[in-house]
Every structure is written in structure tokens, then in C-alpha cells.
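Residues annotated as transmembrane segment in TrEMBL: 6-25, 56-77, 83-102, 123-141. Annotation source TrEMBL lists heme binding site at His12, Lys88.
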Amino acid sequence: MADYYLYFKFLHYIFFISWMAMLFYQPRLYVYHAENIHNPEYVKIVEVMEYKMYKYIGYPALIGSFATGALILLAMPDLLKTGHIHLKLVIVVLMAAYHFHLGSYMKQLKNKTCKRDGMFFRAYNEVPTVCMLVIIWIMIVNPF
């Protein structure tokens with residue numbers, strides 16, 4: 001299995017980049033949705049974009065990231081003995097929670113029950129950026 005480590009890592013990066021693209025863009029769509037709530041034609045278009053981004057890009061990328069991450073750990077189980085991997089896994093779990101929270105906001109916006117405005121979603125959009133920066137720092141600098 002160790003022979004496939006670099007292939008798993010390659011795929012993991014592809015899935016992770018795709019997942020991050022969704023996590024970056026989805027809240028931006030919510031900004032547009034919240035700020036144009038009184039324009040039904042525009043909202044209808046944004047809702048389709050939200051759904052497709054979440055369902056067809058976000059979910060496969062999330063699943064692919066987790067699956068290839070697990071394969072990496074199976075190929076190189078000694079990684080679990082390093083301190084940095086545990087912090088990375090905690091952050092990844094937080095990012096998954098963020099992902100599902102985005103799904104909750106998507107439903108609220110569609111049902112017109114969302115109490116959040118565009119300013120909130122602009123700020124909320126920074127969460128995955130911070131998580132990504134910490135993960136990259138951990139994996140490159142390896143501070144532990």
C-alpha cells in the first residue's frame with residue numbers, strides 16, 4: 001500500500017482543492033442571495049447555482065478528500081504518530097461541520113427563513129480561508 005502513497009496524495013490534493021473551491025464560493029452565493037432576496041428571478045438562478053455547487057462539487061470533493069486521506073493514512077500509518085496530523089484532522093472535522101452548516105443555510109435561504117444578511121455571509125466566508133492556511137502551515141512547517 002505504501003507504493004501507492006504518492007498517488008493517493010496526488011488525488012487527495014485534487015479533491016481538497018475542489019472542496020476548498022466549493023467552501024470559498026458557496027457563502028459568496030449566499031451573499032448574492034441574501035442581498036437580492038426581493039428579486040425572485042435572480043434568486044431562482046442563484047438557488048440553482050447554490051444547489052449544484054453544494055451537491056455536485058462539494059459532496060464528491062468532501063467524500064474524495066476523506067477517502068483519499070484515509071488511504072494515505074492506511075498507506076503510511078506512521079503519520080498517525082506525528083503531532084501535526086492530529087491538529088490537521090481536528091481542523092478537517094471543523095471544515096466538514098462548516099460544509100454541512102452551509103447546507104443548512106442553503107435550505108434556510110430557499111425556505112426564506114434565514115435570518116442572516118450579506119454582511120454575515122461575507123464574514124462567514126473567511127472561515128475556510130483560515131482553516132486552509134492553518135492546514136497548509138501545519139503540513140509544510142510541521143511545527144510539532
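Note: Cβ is positioned from N, Cα and C throughout, glycine not excepted.
Unlike curated records, TrEMBL annotations are generated automatically.
For the transmembrane segment (83-102), the neighbouring stretch richest in Cβ pairs under 8 Å, chosen from 6-25, 56-77, 123-141, is 123-141. A Cβ distance under 8 Å defines the sequence-distant neighbours of the transmembrane segment (56-77), meaning residues of its chain 6+ beyond its ends; these are 1-2, 4-5, 8-9, 11-12, 14-16, 18-19, 21-23, 26, 85, 92, 96, 99, 102. For the transmembrane segment (123-141), the residues of the chain that approach it from at least six positions outside its boundaries are 20, 23-24, 27-28, 30-31, 84, 87-88, 91-92, 94-95, 98, 116, judged by C-beta separation under 8 angstroms. For His12 (heme binding site), the same-chain residues 6+ apart in sequence whose C-beta sits under 8 angstroms from its C-beta are Gly64, Ser65, Thr68, Gly69, Leu71, Ile72. A C-beta separation below 8 Å, combined with a sequence spacing of at least six in one chain, links Lys88 (heme binding site) to Ile135, Ile138, Met139.
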